[in-house]
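> Pasting a structure here, questions to come.
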């Protein structure tokens, strides 16, 4: 007891604001039910498994721990079921999930010699007794989030909904291509239901998320209600409507009417087109479900390293499926498992390892790849009170701490709602890149990154090039390239006959288009005609040709199949199609070569003082589409002109980047009269980044003096660094700083991972992963892991390919 008293300075009595962990180790997946139990640091209130608690002692010097051990309890077979008092599963007061009960014992343990004192005991110092009581009575941090997410939170009807005034300003909201009217954000966008403005949401604590433009608009106008774009489906009650004066999510009983005001018409959707589309999808849903999950097949369960399932935390299958494929790559396995031990990650982590992405990724990697937790679960024997029989299933590991960290900068992922696996994958890679900032040799996300180059060929024979970086290749599905057109035609005749007789087509009779993956890849790189393109070489409008290719081939190529499209009238539709995907693909022909010998670049804009009858005029189609989104007509004309009438998206990008330009409101005829003065200190700053002075001056002029925008402009305009008087026959485009150093190699790839989706929308349904490991396909369906019998290669949403060594 003297030893304990001598360490009382290391004991704290937790306060209500302290976060207390007592259900799971913060650096492994050990729990109080693990063989060694769990040790709670009585100074930091972090929990550690038996293998990890010594590391915490070495790092912090904290020597006093509350040891919690749970052992299975013998329970009478005829115990009555508990009546739930809370809409939750697996938490106190929630629905009984028939888990066995456990008996919990507590001890005070002092490291490093593991001297143990039983608790409760009157001999223990009062400070220790008070601290332990507070820890045991507190709600564990691991359970707080789980309980909050599961608890039903019924939305109330907004007091502003029934009498909402809407302004008829001619705004018609398009079904896609949204961007914030005040910045370049394409995500987390909100439609104000009063004036139709599309603006970004709130900025998160770490600088991610939106730029607060939606709420700032409310503060300026007091227009109260906004709906989040992307949450609007045929089920209007599921739409995310927010009331700024009430400061909460609300219900809008008149949402259909309010949306129709801006051209989003759900009346026809519900009565005609959507009813037909959904009926056909419903007929196929059971088939999809069984095929993708391989239901009905005798799947051999697999256990051991690399075959650990992930517990579904409540619609978290999008995360589980994605992470199973990600941690099947060499880059992520090496970074967070083979080359980084749990102890090393813990030593590098901040004081609270639960909020460190590097630590939680290492924890997840070791949990999934070590095999420690990939063992058959124990099942309760019906003829005995003890769980003695071995199950063919595994319990899996619950990635709660990882989800909490990755969702900190993206609130949607912290909810219990289903999310888009593609959106999660891109967000995840972005966070990994940030966490490894400045250390490209360590960053495993780079193995997915590649460059895309667009080439515009003018009828004058001169060219322009634009580059960008991406993690995924998003492919349209050309249904007209289906290889089973005869069968489809016969099915359509059968379907018409069945409908005329008032019958539904059975799922066995339905024929889906089969489109080769090669056709989808060809659609990406196929030349596209651009009408009314203003040629700076011809000083006139003409027709140009745009094509795209890859400037580098990544170690891992991810193909996203655009199965979800938005039709006219805001009819959301999932393409009912099979994609024939071979095991080996070769995309060598898709490599972009940049500026070639004999090619001449288009002049960079119209020469100063040039003003004749041939002067570029804005394309009215581009202008009208931008105006319908709520932008100023003059601004839209300038955007179209400055992007040479290339297209709506290019004009939108220019508009968002130049909305704060001092001359944005000047008439087009007067723009040339102004002179641009660039702050020399800003030029010097860009020069210090390694850019040439003339390029820095040009970028600052194009970005209204904003250094950050100027930097982005340089990266997005690689042509700008090439002098107009260079010999076009010998010049070539150098890779941008971001493009250089990326993985590159041959164009042959092997399919190794598939993320499939079941359901009518990416925001609902279920995701399953199939991964090719050790010579066979394996299905990962949350915590269920087994040998795949018939992997659904033709039903994937995301396809993962690994580059083959030459």
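Just so you know, glycine gets a Cβ as well, placed from its N, Cα and C.
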> Please identify the range among 682-702, 703-723, 724-744 that TrEMBL labels region 'Disordered'.
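Checked against TrEMBL: region 'Disordered' maps to 724-744.
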> About how far apart, in whole Å, are the alpha carbons (Cα) of residue 180 (Zn(2+) binding site) and residue 317 (active site, nucleophile)?
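Cα-Cα distance, residue 180 (Zn(2+) binding site) to residue 317 (active site, nucleophile): 30 Å.
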> Please report, as numbers and ranges, the same-chain residues at least 6 past the borders of the domain 'UBA' (617-658) whose CB is under 8 Å from any CB of it.
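Residues 169-174, 177-184, 195-198, 456, 530-536, 541, 546, 664-665, 667-668, 671, 703-704, 709, 712-713.
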> Round to the nearest Å and give the CA-to-CA distance linking residue 213 (Zn(2+) binding site) with residue 317 (active site, nucleophile).
32
> Around the Zn(2+) site (180, 183, 200, 213), what further same-chain residues have their C-beta within 8 angstroms of the site's C-beta centre?
179, 181, 182, 184, 185, 189, 199, 210, 211, 214
> Enter the number of other CB atoms within 10 angstroms of the CB of residue 180 (Zn(2+) binding site).
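Excluding its own Cβ, the number within 10 Å is 22.
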> Do you know offhand how many angstrom separate residue 183 (Zn(2+) binding site) and residue 317 (active site, nucleophile) by C-alpha?
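With the alpha carbons as reference points, the distance is 32 Å.
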> Average pLDDT across the domain 'USP' (308-804)?
81
